Amino acid sequence: MGWHDGCIRCMVGVPFASVIATVLCFAGVALFCGCGHEALSGTEKLIETYFSKNYQEYEYLIHVINAFQYVIYGIAIFFFLFGILLLAEGFYTTTAIKHILGEFKPPAIKGGLISTVTGGTPKGRSTRGRQPVHTIELICRCLGKWLGHPDKFVGVTYIITILWILIFACSAVPVYIYFNTWVTCQSIAFPGKTTTSVSTLCSDARMYGVLPWNAFPGKVCGTSLLAICKTSEFQMTFHLFIAAFVGAAATLVALLTYMVGASFNYAVLRVTGRSDRSKF
């Protein structure tokens with residue numbers, strides 16, 4: 001019975017929304033970074049194979065793609081650390097709220113984590129004649145002093161969410177370009193659905209700013225474009241960009257969940273016990 005009660009008490013302090021958001025964030029970032037990296041490499045191969053024969057015409061594009069790939073590496077590392085930090089903050093604030101409401105009082109961390117939020121010294125302890133501090137409790141006290149500012153985490157998460165919305169919007173651009181190309185290929189494959197001559201249906205990389213206007217040929221038309229759309233390189237790159245877009249959307253949902261949960265916990269900590277809903 002004691003083991004069962006201990007498990008129940010531990011489960012009470014688990015921030016389920018933060019755990020779900022962390023898993024969603026890691027999955028979304030992994031999908032965005034992995035698929036986005038490979039999709040950029042595929043785009044580079046398609047450009048240099050079909051749209052331009054002069055290296056100087058797409059040299060700048062290669063530098064931009066390489067820069068984006070390095071940015072992707074940084075995004076992956078940052079969100080790995082930031083996700084762990086926000087998950088720790090979720091555990092911290094949930095434990096503090098449960099302690100304030102009298103629902104969950106873990107003996108190992110009540111002296112370190114809780115006093116940081118409540119601003120006072122834990123009950124049963126005085127500044128004089130302190131007892132020897134165990135290693136776990138000392139670690140928790142240090143962690144509590146570091147994580148004891150949920151308002152700052154709300155602000156940081158809000159800023160990161162705004163920045164990620166911009167990244168999410170940018171990830172839709174290549175999906176739009178490839179989708180337009182795919183629609184053009186469908187019109188070429190089924191000429192009865194359009195009154196335009198097949199030879200005039202083209203995909204122009206210069207129109208999207210991918211290549212300079214003096215690039216040659218810069219565009220592919222008619223059956224040549226249809227042949228490109230049927231290649232595994234084009235289809236794989238198109239689907240990778242879609243997967244990266246979905247990963248960016250999942251990461252955005254995770255950040256919004258983080259922000260809502262952190263704001264809720266901070267509000268509850270401010271009013272100290274006026275609400276008993278703290279599963280974030």
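Cβ coordinates are placed from backbone N, Cα and C, and glycine is handled just like the others.
Predicted, not measured: the structure shown is a model, and the values here were computed from it.
Sequence-distant neighbours of C185 (disulfide bond): residues of the same chain at least 6 apart with a C-beta under 8 Å from its C-beta are L225, L226, I228, C229, K230. DSSP gives C185 (disulfide bond) a helix state. The disulfide bond annotation in Swiss-Prot covers C185-C229 (among others).
Look at Swiss-Prot and you will find C202-C221 (among others) tagged as disulfide bond. Cβ neighbours of C202 (disulfide bond) (same chain, under 8 Å, six or more residues apart in sequence): T184, K219, V220, C221, G222, L225.
Among the features that Swiss-Prot reports, topological domain 'Cytoplasmic' is placed at 1-10 (among others), with the record citing sequence analysis. The average pLDDT for the topological domain 'Cytoplasmic' (1-10) in the predicted structure is 51.
The topological domain 'Extracellular' annotation in Swiss-Prot covers 37-59 (among others). Residues 65, 68-69, 72, 174, 205, 210-212, 214-220, 224, 228, 233-234, 236-237, 240-241, 244 of the same chain sit 6 or more residues outside the topological domain 'Extracellular' (37-59) yet have a Cβ under 8 Å from a Cβ within it.
Per Swiss-Prot, topological domain 'Cytoplasmic' is recorded for 89-152 (among others), and the stated evidence type is sequence analysis.
The topological domain 'Extracellular' feature in Swiss-Prot is assigned to 180-239 (among others).
Feature annotation from Swiss-Prot assigns topological domain 'Cytoplasmic' to 270-280 (among others).
What Swiss-Prot records for 11-36 (among others) is transmembrane segment.
Listed as Cβ neighbours of the transmembrane segment (60-88) (distance under 8 Å, sequence separation of 6 or more from its ends, same chain) are residues 15, 18-19, 21-22, 25-26, 29-30, 32-33, 36-37, 40-41, 43-44, 47, 143, 147, 153, 157, 160, 167, 210-212, 251, 258, 262. Taken from Swiss-Prot, the feature transmembrane segment applies to 60-88 (among others), supported by sequence analysis.
What Swiss-Prot lists as transmembrane segment is 153-179 (among others). For the transmembrane segment (153-179), same-chain residues at least 6 beyond its ends with a Cβ under 8 Å from one of its own Cβ atoms are 32, 36, 39, 43, 75, 82, 86, 89, 147, 208, 210, 234, 237-238, 241-242, 244-245, 248-249, 251-252, 255-256, 258-259, 262-263, 266.
The feature transmembrane segment is assigned by Swiss-Prot to 240-269 (among others), with sequence analysis given as support.
The local packing around C221 (disulfide bond), expressed as other Cβ atoms within 10 Å of its Cβ over all shown chains, amounts to 18.
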